[in-house]
Amino acid sequence: MVAKFLTLECIRGESFGHLSPRPHYPSMPKYPKGVSETEKDVRGSEAKAVYSVIGMTCAACAGSVEKAVKRLPGIREAVVDVLNNRVQVMFYTSFVNEETIRETIEDVGFQATLMPDEANEKSTQVCQIHINGMTCTSCSTTVESALQALQGVQKAQVALATEEAQVHYDPKIINYNQLLEAIEDTGFEAILISTGEDMSKIQLKVDGVCTDHSMRLIENSLRALPGVQDIDIDPTLNKFSLSYKSNVTGPRNFINVIESTGSRCYKATIFPEGGRAIHKKEEVKQYYRSFLWSLVFTIPVFLTSMVFMYIPGLKHGLDTKVINMLSVGETLRWVLSTPVQFIIGRRFYTGSYKALRHGSANMDVLIALGTNAAYFYSVYSVLRAATSEDFKSTDFFETSSMLISFILLGKYLEVLAKGKTSDAIAKLMDLAPETAILLTLDKEGNIISEQEIDGRLIQKDDVIKILPGAKVASDGFVIRGQSHVNESMITGEARPVAKRKGDTVIGGTVNENGVLHIKATRVGSESALSQIVQLVESAQMAKAPVQKLADHISKYFVPLVIILSFSTWLAWFLAGKFNGYPKSWIPTSMDGFQLALQFGISVMVIACPCALGLATPTAVMVGTGVGASQGVLIKGGQALESAHKVDCIVFDKTGTLTVGKPVVVSTRLLKNMVLQEFYELIAAAEVNSEHPLAKAIVEYAKKFREDGESPTWPEARDFVSITGHGVKAIVRNKEIIVGNKSLMLDQNIAIPADAEDMLAETEAMAQTGILISIDGELTGVLAISDPLKPGARDVISILKSMKVKSIMVTGDNWGTANSIAKEVGIETVIAGAKPEQKAEEVKNLQASGHTVAMVGDGINDSPALVAANVGMAIGAGTDIAIEAADIVLMKSNLEDVITAIDLSRKTFSRIRLNYIWALGYNLLGIPIAAGALFPSTGFRLPPWIAGAAMAASSVSVVCCSLLLKYYKRPEKLNALEMQGVMYPKGVSETERDVEGSEAKAVFSVIGMTCSACAGSVEKAVKRLPGIREAVVDVLNSRAQVMFYPSFVNEETIRETIEDVGFQATLIQDETNEKSIQVCRIRINGMTCTSCTSTVESSLQALHGVQKAQVALATEEARVHYDPKIINHNQLLEAIEDAGFEAILISAGEDMSKIQIKVDGVGTDNSMRILENSLRALPGVQDIDVDPTVRKFSLSYKPDVTGPRNLINVIESTGTGRYKAAISPEGGREVHRKEEIKQYYRSFLWSLVFTIPVFLTSMVFMYIPGLKHGLDTKVVNMLSIGEILRWVLSTPVQFVIGRRFYTGSYKALRHGSANMDVLIALGTNAAYFYSVYSVLRAATSEDFKSTDFFETSSMLISFILLGKYLEVLAKGKTSDAIAKLMDLSPETAILLALDSEGNVINEEEIDSRLIQKNDVIKILPGAKVASDGFVIWGQSHVNESMITGEARPVAKRKGDTVIGGTVNENGVLHIKATRVGSESALSQIVQLVESAQMAKAPVQKFADRISKFFVPLVIVLSLSTFLAWFLAGKFHGYPKSWIPSSMDSFQLALQFGISVMVIACPCALGLATPTAVMVGTGVGASQGVLIKGGQALESAHKVNCIVFDKTGTLTVGKPVVVNTRLWKNMVLQEFYELVAATEVNSEHPLAKAIVEYAKKFREDEENPTWPEAKDFVSITGHGVKAIVRNKEIIVGNKSLMLDQKIVIPVDAEDMLEEIEEMAQTGILISIDGELTGVLAISDPLKPGARDVITILKSMKVKSILVTGDNWGTANSIAQEVGIETVIAEAKPEHKAEKVKNLQASGYTVAMVGDGINDSPALVAADVGMAIGAGTDIAIEAADIVLMKSNLEDVITAIDLSRKTFSRIRLNYIWALGYNLLGIPIAAGALFPSSGFRLPPWIAGAAMAASSVSVVCCSLLLKYYKRPKKLDALEMQGVRIE
């Protein structure tokens, strides 16, 4: 037992760090004094210490030492070598020293001695070079041989796929410049990537440099910088290339030096990196340009030699002789092919020259030989023809040109495909953040400044700030802050790792919650991320052994092909010379020599060495890249090739099959006590021990504490650690002993029989038993075990099914080993094995014929990892194990063992396939090219086709390899561990009931008379904390309040109302459930107003539908329906029955909808499991699953659950491999884009067929040669041209044009006719008449047919173009909504709070994932992510974009905030109350959308016309046809009118079709809605929300405006405007006394006085006033109180007289003066003496006077109607310039006045803000509500002025006038077009002018009319408000 205990003692624990409690709301961090500037140098120079450690026996020992050392602060790295008994530690001296490290090692239980550092300097460096110009394996072999031949080069690898060389060289013997020279001597371009020296390289671009002198000046400045080694300058690009020592200087220093040189006119930036990607792009561009240029010359060569020879007219021209037998065609081909051969094809000459110069032959040699043979033979042939009168020449110019073109195309496609093989590296590099926040510190470590910099500019020792949710910008260690960091992308550890001061962090990982300040230690190529990238790049460089086959073949391939080519030519030439085959075999166009030459050239150009060379490296590149993306780093081709043969795997146990960290698995108490108390005592004793088992006990004890993350344990006194046995201590005056059996016996503690049995049971289960004694009595037994990794058993089972044997070899004892092996299903076990014995066992297995893989994680596994055929290291293991392994499993998941083997098998099956293809292609292709099939079949391969085949073979090999990118791990792994749903912490069942429980209270309020009263009540209530909404209804004397009970209750609200001066009573909550819901539906397929009328009628006919609106412009329907009678599914069915596609947007129910896309789902079974998990979530109502795109559409109750819960459920299902995200919303915009794409595709396809139809009917008929060909008869009078047109027009008519058939069928089925009917009739008339004409010509010998196929095709094409342009333009009419939606932020910071409200976690989330009751953190400058109320913090919020209030509004605890507004200064924590469609922003968007849906009355005009328009057009069309046909039949016009190409019937038919297709109902239908859409959108962007077309139409007629006073013309808030003192005292002191008295009152005038008094205080925002004693409020008079022992009375004149206070004559005069000015006078008495008089007024709004003046100039009458007294009303009216005034008007009187004005012939607009204005707002033709007014007023109004500016009244009227002038213009155009177009199309101008409109032009005109109407409406987007408004002085409220 003791042996087992000691074995487990060495188990390596893993500490995730235990953070101390976070401050509730931390203040700005300040560094401790220790982190000073002077220490920077010391900190930067990290130290290294090497220790000799005696006593380590296994990996567990090494792990204990490593973890103990790493737990110390300031440790950068610790590596333990158990084989050599050494420990090497890299550390920072300011945190820790050598002696502390040595003592820590000895505390673990081993003897440690510090020894001198043995730095063995590396004598070998690795240099990376990019090589341009290699084409095949012959090239790569040449370069490799040249490098290997150099002295000092140890190893050279050249990869064709990556075009790179990796050279291992000794820098003492040779330098990298000599390597570059050696490559360039072989004929290739060499570019250095890295030298391998301890230097970094960077390229800087400098802007602003004008002269060479400036360049020299900058160079000298840089050379003076310490650490700069070398500088290269490229003056043409102003580029500096620098080599420097990264531990001395860095890129930011260089930029600072450059920018500070001279007069600071230079700007330096990092030059875009010229890495592999840039070179690849440049190469792709070069090949693309070359190919295009070759086509320019090759196509004419091809046409003159192979096409035009068969066209009679052109053939004659080309055969015309120039000199003797030399023809024009031959001369043209010679001229055109020469630049292709020698300019475009020069790369093949240079490539072959370089290859031959070094005694090798590559693919370029074959191409150059083949094309030269064809070209120069052709030149000989042409020259001979020019000098001979009877020589018939045959040239092969097309062969040489086309060969080069096809080969260039092949090379272009090849480099394009090869570029995609290195995507894995790009994805890895994307992990690094683009920017970083650099901190500057002073000497004491305080932050001086923050600066955002390019992530590439980070230097060693920089201090970087990492915000929550941001990526860590560099490797380093934490010097300030604490957080959790997600390292899964680097280490595979799924759980975020705790980080605090001294802990190391890795660049590219993600900071989860707290703010960290880190010091950069490894930057650039030294970083962990760069090391991984280099590992992947090295893997892609390394050749697999199988590649040697290709390398061997390539040496002999090209020479052999040249011999075969020459032999083929010779054989065929001699056979022809000596009659070896019949003369008939030779084609008529050539002789025997030419036939032989073609065979020889074909053999030469079909052979492809490239395919062989690319077969392995491309597959290895993609395979290793895919592996890296799956977390499996494969170190090259050797590892891949070995892994695919593995049939036996040796597993280590600890850390490989098991977690490698002991945990408590069982607890048994022998005494009756609370488990929490028991664990508190044990943890308090064990927390002082560093032993792994002690750590496991303390970790487990945390689960019983609420402060689980960072608990504080009771104090332990007299702590003693008994090595190898346990610990003891005094805790809470009790003696606690924790340890093994022998310790208990030593302490004379009796062990009961039950405890003995438990110990035996734990040992049998390979667990460790720990006994606990309290006060000398055995109290409990703990079982501790190192548990199996998840899925270990399944992995072994899957390996068995793959016929792979599993063996376990471990250093642990036999009992533990057998127990674990039995549990996972391994049969062969070897225990107690030392490191060398593990390696020996691997060798024995290899000797038995097995291909062995070793999977391990520790140093003791290293020998076995090296000895195995494939070593697989667990990514969480030691550095030495990872270094020794061939494959690194980054995620530390055992499943990745299967992934690695499966991926290698898939890769090698792909390599085999590549070789079979490459060899098979050559073995099959060369004989065919040599003419093997020619004798028997007559088939021969022209050289240009052979060249194309050669190019295709390389491309196909690369593409075959690229298919590996779609590799998916075995299905069996997807089925692993599909466990139940794990809910996140925050979503407990009890919490769900509490959440969302906002309360509603309704009060009866007696005494309110006007909107000012209502406003006072509303403002007072809203000022209370936790009020969500308060609505005061002055007409019904009620107040409705929505509030949160945790902040406020009903009684407090009632008392607040009474404090304002009104009697309030709580009444029964009257919830009138809405019986009507509004459903929104998207409708696809509508084309004109006829369609909308059909849908609208279908919906209106349904029982339960109250109102239906269908908008053509938005393609939406809004249906008001009763859900008790009809549901939304029936509405959808009704629309679909009408023949249109219907998509539900919202059902109007109290439910939210969301679409979630899930990545990582492999099977349908997984989808079902996810669906079941989601259905189990409370609040989820309905789920639709789309398995094809892995999408879930869910309906849920937002007050019960939310999108984040749904995503958490999905991602926590199974082993966490699923990734869920909100699917891009399928809103109007997405459908619009899809519609645009569909029309665009249809139009392009129609062009493909229509252009040839057009050319054959209208262009080629005028080209003699082509006309002759097209007129050639096939059957009787049927010509080739007619057949071509028939064949080409048919798909346009029935496939591309099918939308018009379906549209017209649906319309006619419902008894209506739309635009589709006109198009279908018109095109069918033209098409079927043409078919009749063609068939008659085919059956008649004398009928001259004339077809109209071009009419039908071109009609459809032009109409599709018009529809495309129309939907494109219509899409731009709804920009306003997009701009409104942009106000909401993309992300939000979600806070997790504990039960006491402390912040325990921060997380950046998508703002669409916010749920009700979430707590959101709003940083200064950030947008508010959701509607809600403040629970912590204070700030100012800019609400101008929503409310129009220009001044930021102060916010503190309890205040409400609006989503989309901007937080100005402080940090706020808000609780979300309204999310998604409930938010204020969404409500505004819905208001704008509703406005765009609502039809203007003028649109009814278009709707009425549309009912009769299409039938009328059909009648007109038929009448036109009959009139012209009958007139022709009965000679009603001269025969000369009929064009020569047709008869009278055809002329009449064309007129009829033209009438049918020119008529356009669309233009009429779009005239109003598009203008309304743009107008309402523009209004919304200007802060004027217009509720639809009705409001717009009425507003443009307004000639009288009725203004309310309070809150409309005036500010609506009383302010102090004047102060007069009657006693000599300081004004500040005076107002302190008055404010101290009034602050206790809720009266509006009291609030005004307190607000004014704040201006005299420095703490203006939150002043503390003196205490007021004996406060009394005298209702209707004023207040009095004792302040600073002085009696203060504040009130009106009557109060002063009641209190016997004398009022001087001056004060009496002032009061009269105040009253005359419509102000309120307030008197102040101090100690019985009148001291001052205040004048309080509700001031005019800025610009009110100017607005009234401008309205007069617009001939709009202004009237003031108010409930205030006549004196105040007349005063205000006189001030603004209003002549007609009605005062003391009750709400119903206001409405009455409006009706009287309407009866007098006025079109009246009412502008108001209060509830008392609502009746008048409804009665007016246009109601305009001030945005800052009450909800009831806004609901009643037609137009809402969001900014509350009076100028917007003018904007609203002016915009409506502009919109309606645009609508009129649209109608004039639409009607005028039809009234003018139809007669012209009918032939009205034909008799007098001979002008007629062909149907296709008529169709184009029809399409253009719709587009022009939409574009005309779009011009409204450029609307600007009247210039008079710009001239207004926008001043503040004037206060004298």
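Note that Cβ sites are derived from N, Cα and C of the backbone, with glycine treated the same way.
TrEMBL does not curate its annotations; it predicts them automatically.
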Transmembrane segment according to TrEMBL, located in which of 331-349, 426-444, 1623-1641: 331-349
Distal contacts, the transmembrane segment (331-349) - CB-CB under 8 A, six or more residues away: 290, 293-294, 297-298, 300-301, 304-305, 318, 322, 364, 367-368, 371-372, 375, 378-379, 382, 395, 397-398, 400-401, 404-405, 407-408
Top partner of the transmembrane segment (1508-1527) among 556-575, 915-935, 1283-1301, 1313-1332 - counted as Cβ pairs under 8 Å: 1313-1332
Secondary structure content, the domain 'HMA' (200-266) (per DSSP, counts of residues): 22 helix, 21 strand, 24 coil
Confidence summary for the domain 'HMA' (999-1065), mean pLDDT rounded: 78
Residue counts (helix, strand, coil, in that order) that DSSP gives for the domain 'HMA' (999-1065): 23 helix, 24 strand, 20 coil
Long-range Cβ neighbours of the transmembrane segment (556-575) (under 8 Å; 6 or more residues past either end): 138, 360-363, 365-366, 369-370, 581, 592-593, 595-597, 599-601, 603-604, 607, 609, 612, 926, 929-931
Contact set, same chain, for the transmembrane segment (915-935): CB under 8 Å, 6 or more residues outside the stretch: 546, 549-550, 561, 564, 568, 572, 581, 585, 599, 602-603, 606-608, 611-612, 615-616, 941, 946, 949-950, 953, 956-957, 960
For the domain 'HMA' (47-113), the number of residues DSSP places in helix, strand and coil: 23 helix, 24 strand, 20 coil
